[in-house]
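Worksheet for the structure shown next.
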Amino acid sequence: METGPHYNYYKNRELSIVLAPFSGGQGKLGVEKGPKYMLKHGLQTSIEDLGWSTELEPSMDEAQFVGKLKMEKDSTTGGSSVMIDGVKAKRADLVGEATKLVYNSVSKVVQANRFPLTLGGDHSIAIGTVSAVLDKYPDAGLLWIDAHADINTIESTPSGNLHGCPVSFLMGLNKDVPHCPESLKWVPGNLSPKKIAYIGLRDVDAGEKKILKDLGIAAFSMYHVDKYGINAVIEMAMKAVHPETNGEGPIMCSYDVDGVDPLYIPATGTPVRGGLTLREGLFLVERLAESGNLIALDVVECNPDLAIHDIHVSNTISAGCAIARCALGETLL
């Protein structure tokens, strides 16, 4: 039975769960298990209970990529890493291959007028999801929920882990960089700095701060959440990406679960204390659902292998599923 908010762009309420079990954008295995765990938790059935018809859309062979990653770790040559001024763009070939597969899957979904719910995997997979959504909705705004800005270029990245760089690829900031990995030159790079807003930031590298300021990107840190409250921040973010229409227009949400405080979501790769409460994190997507303008959602960076106790797995996976359900119409009353 259909319940809750209406979706202006998906009145047929058809949805595809795109599985993106990729961990190569960072160095910790286990995050590729996120989609499997969320499905095991009953996510697909609970979405159907909200009135959506669903289908699964696998984007890649999980075992194949895990095998490639393990082979690369055993390699003495560094595998597909690219050296740039002494810093590695780590696993660049695998990131390029995986994100193109995700792009192909999400493109198929959105061109069929189905809502793409993409389950990661690390946040590098957003290179594929956002690029595909922008093909269909070039005026879409992007809300990036994260403790981190993920806008390092391959020149500024301190770690070389490409899950910290997807926004720079989406904006085309690496196109003129010497030695830009060939595997990622397929990325259109057409996201405008005026079409993205961040919520939840609290661990931003110095180079990223400069990029955010130089490009005038709307960035709401936890300071802003504390100062204004989560509802006001969401309203400001929506208006930032659609200023001409007072916040009305298609919006994609790419949600890294580390945006929420690790007290609530502990099993994630780069936890940072002082984040959103679980209720704030859920209210955020409830408000997006209420707007009627949500067109796509990523839920990424759930890593069950990093749990210290079983309850940490349960808390993390249940929270990831709750984010998806609330974005898709679940309400408290």
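Count begins at 1; order follows the chain as displayed.
Just so you know, glycine gets a Cβ as well, placed from its N, Cα and C.
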For the substrate site that Swiss-Prot assigns to H148, A149, D150, I151, N152, S159, G160, N161, D205, E301, which of T118, T270, T277, T331 is also named?
T270
According to Swiss-Prot, D146, D150, D256 bind Mn(2+) 1; which one of H123, H242 is listed for that same site?
H123
For the set S16, S107, S168, S318, say which residue Swiss-Prot annotates with phosphoserine.
S16
Once near-sequence residues are set aside, which residues in the chain of E301 (substrate binding site), 6 or more away, have Cβ atoms under 8 Å from its Cβ?
V31, G34, G120, G121, D122, H123, H163, D256, V257, D258, T268, G269, T270
Shell list (Mn(2+) 2; ref centroid = CB of D146, H148, D256, D258; cutoff 8 A):
H123, I145, A147, D150, G200, V257, G259, T270, V272, E301
Are there any residues at least 6 positions away along the chain from D146 (Mn(2+) 1 binding site) with a Cβ closer than 8 Å to its Cβ? List them or say none.
H123, Y198, G200, L201, S254, Y255, D256, D258, G259
In sequence order, the recorded positions (S16, H148, D150) whose C-alpha falls within 10 A of D205 (substrate binding site):
H148, D150
